[in-house]
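Record features (Swiss-Prot):
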ACT_SITE  Glu155  active site
BINDING   Cys111, His154, His158  Fe cation binding site
Amino acid sequence: MILMHDITRDGNPVLRQVAKPLTFPLSDEYKKLADDMMQYLINSQDPKIAEKHQLRAGVGLAAPQVGESVQMAALLVPNDKGEIIFKEVFVNPKILSESVRRTCLAEGEGCLSVDKDIEGYVPRPDKLKIRYYTVDGEEKTIRLKDYPAIVASHEIDHLNGHLFYDRINKQNPFELAEDTIVIS
């Protein structure tokens, strides 16, 4: 079971590396990693389990965040009622296209690997088209928008050596383009 002490923290070079693609069939080790990453997200969103194990809630977890520099990320995205609206493990994801219009979260973003609060808007594409492989090697292409697109973009950034605060305007952290959609 992945716990908070297993999460790679900001400052570790693995978080700034471009993760290597995986080949299929996945080894048992990587299949277990995928399961463990998803289980962390499930556990972290369950208040009783999260409190018992002192887990910070997460909606996404990329392999570099647990010290593995490989192209894999788990996403477990709830809606505002707590119902899961997107659940998947991406292997070797690639953004095929993205909207010009940007979106961001009103409260900014956080990250399991970043312990401090970093204020500012994190503009991301409002819509994404992503090609990825499942753990079983099935190729899929999906379209995401709004919050699921934000989460997917955040996790794919991890696979490319970027952290959310890299996207914050350094001169004016709360400045946005006029047509940016702010999600509360």
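Cβ atoms are placed via backbone N, Cα and C, with glycine included.
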Roughly how many Å separate the Cα of Cys111 (Fe cation binding site) from that of Glu155 (active site), to the nearest whole number?
10
Counting every protein chain shown, other Cβ atoms within 10 Å of the Cβ of Cys111 (Fe cation binding site) number 23
From the centroid of the CB atoms of Cys111, His154, His158, the recorded Fe cation site, which same-chain residues not already listed sit within 8 A by their CB, in sequence order?
Gly60, Ala62, Gln65, Glu109, Leu112, Ser113, Glu155, Asp157, Leu163, Phe164
